[in-house]
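Swiss-Prot lists Asn28, Leu30, Gly55, Glu77, Asp103, Asn124 with the feature S-adenosyl-L-methionine binding site.
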Amino acid sequence: MAAIDGLPPLRDVIQRHGLDAKKSLGQNFLFDLNLTQKIARTAGPLDGVTVIEVGPGPGGLTRAILSLGAKKVIAVERDSRCLPVLAEIEAHYPGRLEVIEGDALKTDFEALVPAGEPVRIIANLPYNVGTQLLVNWLLPREWPPFWLSMTLMFQKEVGQRIVAEEGDNHYGRLGVLAGWRTVSEMAFDVPPQAFSPPPKVTSTVVHLLPKDKPLPCDVAKLERVTEAAFGQRRKMLRQSVKSLGGETLLEKAGIDPTRRAETLSVEEFVTLANCL
(Lines of atoms letter the chains of each structure in order from A; the text may use other names.)
(Lines give C-alpha, C1' and ligand atoms only; values in the text may rest on other atoms or scores of the structure.)
Protein backbone atom coordinates (compact mmCIF):
# COMPACT_ATOMS: atom_id res chain seq x y z
CA MET A 1 0.00 0.00 0.00
CA ALA A 2 1.15 3.56 -0.64
CA ALA A 3 3.00 5.33 2.13
CA ILE A 4 1.25 8.21 3.90
CA ASP A 5 4.27 9.88 5.48
CA GLY A 6 6.76 10.35 2.64
CA LEU A 7 8.61 7.15 3.52
CA PRO A 8 8.51 3.97 1.38
CA PRO A 9 5.69 1.44 1.93
CA LEU A 10 6.43 -0.80 4.91
CA ARG A 11 6.35 -4.03 2.89
CA ASP A 12 9.07 -2.63 0.61
CA VAL A 13 11.18 -1.59 3.60
CA ILE A 14 10.90 -5.01 5.24
CA GLN A 15 11.72 -6.79 1.97
CA ARG A 16 14.74 -4.55 1.32
CA HIS A 17 16.14 -5.27 4.79
CA GLY A 18 15.26 -8.98 4.68
CA LEU A 19 13.26 -8.76 7.91
CA ASP A 20 10.91 -11.44 9.17
CA ALA A 21 9.07 -11.55 12.48
CA LYS A 22 10.70 -13.76 15.13
CA LYS A 23 8.33 -15.99 17.07
CA SER A 24 10.86 -16.23 19.92
CA LEU A 25 10.51 -12.47 20.47
CA GLY A 26 6.71 -12.54 20.25
CA GLN A 27 6.85 -10.41 17.09
CA ASN A 28 4.04 -9.83 14.60
CA PHE A 29 4.62 -6.97 12.17
CA LEU A 30 1.77 -4.59 11.25
CA PHE A 31 1.84 -3.53 7.59
CA ASP A 32 -1.31 -1.41 7.29
CA LEU A 33 -0.30 2.21 7.92
CA ASN A 34 -3.97 3.29 8.08
CA LEU A 35 -4.41 0.83 10.93
CA THR A 36 -1.30 2.06 12.75
CA GLN A 37 -2.65 5.61 12.41
CA LYS A 38 -5.94 4.46 13.96
CA ILE A 39 -4.02 3.02 16.93
CA ALA A 40 -2.03 6.24 17.36
CA ARG A 41 -5.18 8.41 17.17
CA THR A 42 -6.85 6.28 19.85
CA ALA A 43 -4.19 7.52 22.29
CA GLY A 44 -5.50 11.09 22.10
CA PRO A 45 -3.75 14.33 21.08
CA LEU A 46 -0.03 13.83 20.48
CA ASP A 47 1.11 17.43 19.89
CA GLY A 48 3.82 18.30 22.40
CA VAL A 49 3.72 14.78 23.86
CA THR A 50 6.60 12.34 24.26
CA VAL A 51 5.54 8.81 23.34
CA ILE A 52 7.13 5.65 24.71
CA GLU A 53 6.90 2.68 22.37
CA VAL A 54 7.98 -0.90 23.10
CA GLY A 55 8.90 -3.30 20.32
CA PRO A 56 8.61 -0.95 17.33
CA GLY A 57 9.98 -3.62 14.97
CA PRO A 58 10.19 -2.10 11.48
CA GLY A 59 8.46 1.04 12.72
CA GLY A 60 4.94 1.02 11.25
CA LEU A 61 3.37 2.35 14.44
CA THR A 62 6.38 4.61 15.07
CA ARG A 63 5.79 6.29 11.71
CA ALA A 64 2.11 6.83 12.49
CA ILE A 65 2.87 8.40 15.88
CA LEU A 66 5.45 10.78 14.40
CA SER A 67 3.24 11.71 11.44
CA LEU A 68 0.48 12.70 13.89
CA GLY A 69 2.73 15.28 15.55
CA ALA A 70 4.27 13.65 18.62
CA LYS A 71 7.09 15.78 19.97
CA LYS A 72 9.30 12.72 20.32
CA VAL A 73 9.15 8.93 20.31
CA ILE A 74 11.39 6.92 22.62
CA ALA A 75 11.36 3.37 21.28
CA VAL A 76 12.79 0.36 23.11
CA GLU A 77 13.71 -2.45 20.73
CA ARG A 78 15.41 -5.73 21.62
CA ASP A 79 15.91 -6.99 18.05
CA SER A 80 19.07 -5.47 16.57
CA ARG A 81 17.91 -6.46 13.06
CA CYS A 82 15.31 -3.68 13.23
CA LEU A 83 17.75 -0.89 14.11
CA PRO A 84 18.77 0.00 10.51
CA VAL A 85 15.08 0.38 9.54
CA LEU A 86 14.41 2.58 12.56
CA ALA A 87 17.51 4.64 11.70
CA GLU A 88 15.86 5.51 8.36
CA ILE A 89 12.79 6.79 10.20
CA GLU A 90 15.05 8.72 12.56
CA ALA A 91 16.70 10.42 9.57
CA HIS A 92 13.27 11.34 8.16
CA TYR A 93 12.20 12.91 11.49
CA PRO A 94 15.43 14.54 12.78
CA GLY A 95 15.62 14.83 16.55
CA ARG A 96 12.21 13.23 17.11
CA LEU A 97 13.03 9.52 17.40
CA GLU A 98 15.31 7.98 20.01
CA VAL A 99 15.86 4.24 19.72
CA ILE A 100 17.15 2.29 22.71
CA GLU A 101 18.35 -1.24 22.10
CA GLY A 102 17.44 -3.28 25.16
CA ASP A 103 15.05 -5.47 27.09
CA ALA A 104 11.83 -3.63 27.94
CA LEU A 105 11.36 -5.69 31.12
CA LYS A 106 14.66 -4.34 32.44
CA THR A 107 14.08 -0.74 31.35
CA ASP A 108 13.30 2.10 33.78
CA PHE A 109 10.86 3.94 31.53
CA GLU A 110 10.22 6.81 33.90
CA ALA A 111 13.95 7.64 33.88
CA LEU A 112 13.86 8.05 30.08
CA VAL A 113 11.72 11.18 30.25
CA PRO A 114 12.35 14.49 32.07
CA ALA A 115 10.12 14.91 35.14
CA GLY A 116 6.85 16.65 34.34
CA GLU A 117 7.01 15.93 30.60
CA PRO A 118 3.65 14.73 29.19
CA VAL A 119 4.01 11.07 28.20
CA ARG A 120 1.77 8.57 26.46
CA ILE A 121 2.63 4.90 26.06
CA ILE A 122 1.60 3.47 22.69
CA ALA A 123 2.68 -0.01 21.63
CA ASN A 124 1.93 -3.15 19.70
CA LEU A 125 3.39 -5.15 22.57
CA PRO A 126 5.32 -8.38 21.96
CA TYR A 127 2.93 -11.13 23.04
CA ASN A 128 5.44 -12.81 25.34
CA VAL A 129 6.07 -9.75 27.58
CA GLY A 130 2.93 -7.64 27.17
CA THR A 131 1.09 -8.64 30.34
CA GLN A 132 4.14 -8.26 32.59
CA LEU A 133 4.92 -4.83 31.14
CA LEU A 134 1.36 -3.70 31.81
CA VAL A 135 1.53 -4.90 35.42
CA ASN A 136 4.83 -3.03 35.87
CA TRP A 137 3.24 0.18 34.58
CA LEU A 138 0.16 -0.28 36.79
CA LEU A 139 1.99 -0.90 40.04
CA PRO A 140 4.49 1.86 40.83
CA ARG A 141 4.33 2.91 44.47
CA GLU A 142 3.84 6.56 43.52
CA TRP A 143 0.57 7.57 41.85
CA PRO A 144 -0.48 9.31 39.58
CA PRO A 145 2.06 7.64 37.25
CA PHE A 146 4.47 9.31 34.83
CA TRP A 147 2.17 8.51 31.87
CA LEU A 148 -1.04 10.28 30.76
CA SER A 149 -2.47 7.24 28.98
CA MET A 150 -1.59 3.81 27.65
CA THR A 151 -2.81 2.54 24.28
CA LEU A 152 -1.66 -1.04 23.92
CA MET A 153 -2.28 -3.98 21.63
CA PHE A 154 -2.73 -7.42 23.16
CA GLN A 155 -4.17 -10.78 22.23
CA LYS A 156 -7.93 -10.29 22.58
CA GLU A 157 -8.16 -12.72 25.50
CA VAL A 158 -5.67 -10.59 27.46
CA GLY A 159 -7.59 -7.44 26.58
CA GLN A 160 -10.78 -9.03 27.92
CA ARG A 161 -9.00 -9.83 31.18
CA ILE A 162 -7.80 -6.23 31.54
CA VAL A 163 -11.25 -4.63 31.21
CA ALA A 164 -13.24 -7.39 32.98
CA GLU A 165 -15.34 -6.63 36.05
CA GLU A 166 -16.61 -8.92 38.79
CA GLY A 167 -18.89 -11.69 37.58
CA ASP A 168 -17.22 -11.80 34.17
CA ASN A 169 -15.57 -15.09 33.16
CA HIS A 170 -12.41 -13.15 32.23
CA TYR A 171 -12.21 -11.37 35.60
CA GLY A 172 -9.04 -12.05 37.54
CA ARG A 173 -5.91 -10.51 38.99
CA LEU A 174 -5.29 -8.37 35.90
CA GLY A 175 -8.82 -6.94 35.96
CA VAL A 176 -8.50 -6.04 39.65
CA LEU A 177 -5.13 -4.32 39.23
CA ALA A 178 -6.28 -2.41 36.13
CA GLY A 179 -9.65 -1.54 37.66
CA TRP A 180 -8.06 -0.30 40.87
CA ARG A 181 -5.90 2.36 39.27
CA THR A 182 -7.27 2.97 35.78
CA VAL A 183 -10.35 3.34 33.64
CA SER A 184 -9.87 0.97 30.71
CA GLU A 185 -11.71 0.09 27.52
CA MET A 186 -11.23 -2.16 24.53
CA ALA A 187 -11.10 0.32 21.64
CA PHE A 188 -11.22 -2.02 18.62
CA ASP A 189 -10.17 -5.47 17.41
CA VAL A 190 -7.43 -6.16 14.87
CA PRO A 191 -7.84 -9.30 12.71
CA PRO A 192 -4.97 -11.80 12.30
CA GLN A 193 -4.55 -10.99 8.60
CA ALA A 194 -3.41 -7.45 9.48
CA PHE A 195 -0.12 -8.93 10.71
CA SER A 196 2.86 -10.73 9.24
CA PRO A 197 2.94 -13.53 10.10
CA PRO A 198 -0.78 -13.74 10.99
CA PRO A 199 -1.18 -14.85 14.63
CA LYS A 200 -3.67 -17.59 15.42
CA VAL A 201 -5.84 -15.22 17.46
CA THR A 202 -7.54 -11.84 17.10
CA SER A 203 -5.79 -8.90 18.73
CA THR A 204 -7.35 -5.90 20.44
CA VAL A 205 -6.30 -2.36 21.29
CA VAL A 206 -6.85 -1.40 24.94
CA HIS A 207 -6.85 2.23 26.08
CA LEU A 208 -6.16 2.97 29.77
CA LEU A 209 -6.41 6.27 31.65
CA PRO A 210 -5.07 6.63 35.22
CA LYS A 211 -7.53 7.42 37.99
CA ASP A 212 -6.60 10.62 39.83
CA LYS A 213 -7.26 9.15 43.26
CA PRO A 214 -7.58 5.36 43.37
CA LEU A 215 -8.62 3.85 46.69
CA PRO A 216 -5.67 3.90 49.12
CA CYS A 217 -4.02 0.49 49.25
CA ASP A 218 -0.58 -1.05 49.60
CA VAL A 219 0.48 -2.44 46.23
CA ALA A 220 2.23 -5.49 47.68
CA LYS A 221 -0.77 -6.44 49.85
CA LEU A 222 -3.20 -6.16 46.94
CA GLU A 223 -0.93 -8.39 44.87
CA ARG A 224 -0.83 -10.98 47.67
CA VAL A 225 -4.60 -11.01 48.06
CA THR A 226 -5.38 -11.27 44.34
CA GLU A 227 -2.73 -13.93 43.81
CA ALA A 228 -4.14 -16.08 46.61
CA ALA A 229 -7.81 -15.56 45.75
CA PHE A 230 -7.50 -16.21 42.02
CA GLY A 231 -4.87 -18.92 42.46
CA GLN A 232 -7.75 -21.16 43.58
CA ARG A 233 -10.60 -19.29 41.93
CA ARG A 234 -13.08 -22.20 42.01
CA LYS A 235 -12.80 -22.51 45.77
CA MET A 236 -14.60 -20.46 48.40
CA LEU A 237 -12.61 -17.53 49.73
CA ARG A 238 -12.24 -19.09 53.17
CA GLN A 239 -10.13 -21.76 51.48
CA SER A 240 -8.35 -19.71 48.79
CA VAL A 241 -7.11 -17.02 51.22
CA LYS A 242 -6.49 -19.47 54.07
CA SER A 243 -2.75 -18.74 54.00
CA LEU A 244 -3.50 -15.03 54.59
CA GLY A 245 -5.80 -15.52 57.55
CA GLY A 246 -8.83 -17.21 56.03
CA GLU A 247 -12.13 -16.62 57.81
CA THR A 248 -10.56 -14.26 60.36
CA LEU A 249 -9.37 -11.96 57.57
CA LEU A 250 -12.68 -12.18 55.71
CA GLU A 251 -14.69 -11.42 58.86
CA LYS A 252 -12.50 -8.38 59.49
CA ALA A 253 -13.20 -7.19 55.93
CA GLY A 254 -16.92 -7.89 56.20
CA ILE A 255 -16.87 -10.40 53.34
CA ASP A 256 -18.88 -13.65 53.28
CA PRO A 257 -16.32 -16.51 53.42
CA THR A 258 -18.47 -18.70 51.14
CA ARG A 259 -18.09 -16.31 48.19
CA ARG A 260 -15.62 -16.92 45.36
CA ALA A 261 -12.94 -14.57 44.07
CA GLU A 262 -14.70 -13.66 40.82
CA THR A 263 -17.68 -12.21 42.76
CA LEU A 264 -15.61 -9.61 44.64
CA SER A 265 -15.49 -6.06 43.34
CA VAL A 266 -12.24 -4.12 43.07
CA GLU A 267 -13.32 -2.14 46.14
CA GLU A 268 -13.79 -5.37 48.14
CA PHE A 269 -10.34 -6.60 47.13
CA VAL A 270 -8.88 -3.29 48.32
CA THR A 271 -10.72 -3.67 51.64
CA LEU A 272 -9.38 -7.21 51.98
CA ALA A 273 -5.82 -6.05 51.26
CA ASN A 274 -6.11 -3.22 53.76
CA CYS A 275 -7.13 -5.73 56.46
CA LEU A 276 -3.92 -7.74 56.08
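Here the Cβ of each residue, glycine as well, is placed from N, Cα and C on the backbone.
Around Glu77 (S-adenosyl-L-methionine binding site), the same-chain residues six or more apart in sequence whose CB sits under 8 Å from its CB are Gly55, Pro56, Gly57, Leu83, Leu86, Val99, Ile100, Glu101, Gly102, listed in sequence order. Scoring each of the binding-site residues (Leu30, Gly55, Asp103, Asn124) by how many neighbouring Cβ atoms lie within 10 Å, the top position goes to Asn124. The Cβ of Asn28 (S-adenosyl-L-methionine binding site) has 23 neighbouring Cβ atoms from other residues within 10 Å, across all protein chains displayed. The binding residues for S-adenosyl-L-methionine are recorded as Asn28, Leu30, Gly55, Glu77, Asp103, Asn124; their greatest pairwise CA distance is 21 Å.
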